[in-house]
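Asker: Right, I'll just put the structure down here and ask away after.
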Amino acid sequence: MSQLTQSAAWAALEQHQKSIAPQHMRDWFKADPQRAERMRLSAAGLTLDYSKNRANDETLSLLMDLAKQQGLNKLRVAMFSGETINNTEQRAVLHTALRANPSDSAWQPQADKIEAVQASLEKMRDFVEQVRAGQWHGYTGKAITDVVSIGIGGSFLGPKMASESLKPYWHESLSVHYVANVDGTAIADKLKGLDPETTLFVTSSKSFGTQETLANTLSARAWFYESGAGKQDVAKHFVAVTSNIKAATEFGIDENNLFPMWDWVGGRYSMWSAIGMPIALLIGFERFEEILKGAEAMDTHFMEAPIEQNMPVLMAMLGVWYANFFDSHAHVILSYDHYLRALPGYLQQLDMESNGKNVTRSGELVDYHTGPVIWGGEGTNGQHAYHQLLHQGTRVIPADFIMPLKSHNPIGEHHDMLASNCFGQTQALMQGKTLAEAQAELAGSQHSPEQLSLLAKHKVMPGNKPSNTILMERVTPYTLGALIALYEHRTFVQGVVWELNSFDQWGVELGKQLGNSVLSAIRDTHAEVELDASTEYLVNSFRQAKPQTLG
Ligand SMILES: O=P(O)(O)OC[C@H]1O[C@](O)(CO)[C@@H](O)[C@@H]1O
């Protein structure tokens, strides 16, 4: 058994779970009128209501004991002070420096990094302002009308999610498109209808070695040349964000068109850097800076608030409570805002690539569950699809409801209806419906007694299903920045408890390696590639279907 599962804090929680499990939140709310008020917290423009959780004051206190036991305070300081907490890659983890206030003396020890960040932001500002003002001209002298952002994973999901979330702030005549997948359909579809004379490509790749991104950039360049443009025109249409300057320049990107990234920023934590350029192009640089300010406010809260009153810590520890003590395997994110519909997909990478691990920082196999499956979608759509499983399924699936109090599109009663659905769902999950309530509801109906009894059983909802609700005034650059930073820190805290390195991603490497060797087998039948019988069959089927000239 691991030290963690043998520890005093873990044992206390296991013991406590036995007394909590039979209790119902419905009764707690009845017995304690102060519960909702006590279990509410505001920071950085966000309010978290965590009262609809299967936790009482003792639970929270024991969870905080676990956080302390696992060294949260020390590791939190270690992250912000630039220690190499990404121990498998020997890297610091300083995405927080990307949104730091440069005049904050706490950042003095990282002055070189802060300086580099500020220089990059200035270069970004200059570029963004030129493009948005129509002063960056394509090779025939026309202003840029379309930007195609090419990148994948962390070099795609954050910018795409933030762009969609902030649609009300978009430039009226500049469009941004995203291409991630290596599937040729993705880029072919995007390029249809675009004009090479007025299209700018931003290649975002920290490593500048990602197969999908390089293939898409090459195809974009081929499309550009087909329009009659020459090599000398590339600099007007291709820029890149990368930490691998050498690879990018060898690839043909003009050195002046390179924006930096650093090895102390993980891909999935990078939308605050020049990786966020497409966002800034869409909403303007000043609004991009507001995103950073929102995140910085959440960073300050995370660093300074006592852990018992700390939003990311509370959310993280409640997640640990369900994952490790209620055998919950999933966590659902429900955005009650159409503009935030890409958030669950973004959080999937943030959380699952960070905490989807089975060995500790020191390489020991864990004997407890780590990161759950993160999924979700847009409310109210999900209510007519997968919420059935949340209400009556057999597993505990904690939910985060995210609800802006004001809409950017206040049409008729739509926002009232949206909010009432959101709040109603949290209530239904918590309260459920008893057999007596179901029977009372059916009383007076035309059904036979047998049918009534059957129906009543099916209408019973156990309730006691946990949820958090996050409110904000409106989805703005500031509140979005705070929200994303909240989830970043939540992920970090859970990684601390589970003793993981949340900042590497070795698991995705094997897929990349094998994908490349399979590609050699597809290209050349004589390639010496070891394939199992199933994969060999798949490769052969694929080769047989290929047009002869390519075979
Ligand atoms: O920015 P890059 O280097 O192209 O990497 C893209 C993505 O690929 C991954 O390494 C996973 O394959 C992610 O962690 C990363 O965000």
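Using the three backbone atoms N, Cα and C, a Cβ is placed for every residue, glycine included.
Note that the coordinates shown come from a computational prediction; the quantities given were computed from them, not determined experimentally.
Pulled these from TrEMBL:
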| type | residues | note |
| --- | --- | --- |
| ACT_SITE | E353 | active site, proton donor |
| ACT_SITE | H384 | active site |
| ACT_SITE | K512 | active site |
Asker: Measuring Cα to Cα, how many Å separate K512 (active site) from H384 (active site)?
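Answerer: H384 (active site) has its Cα 37 Å from the Cα of K512 (active site).
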Asker: I'd like to know which of the active-site residues H384, K512 has the most other Cβ atoms within 10 Å of its Cβ.
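Answerer: When each Cβ's neighbours within 10 Å are tallied, K512 tops the list.
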Asker: What does the structure give for the C-alpha distance between E353 (active site, proton donor) and H384 (active site)? Integer Å is fine.
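Answerer: Spelling it out, the Cα of E353 (active site, proton donor) and the Cα of H384 (active site) are 29 Å apart.
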Asker: How many neighbouring Cβ atoms, not counting its own, are there within 10 Å of the Cβ of the residue listed as 'active site, proton donor'?
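Answerer: Step by step: centre on the Cβ of the residue listed as 'active site, proton donor', count other Cβ atoms within 10 Å, giving 22.
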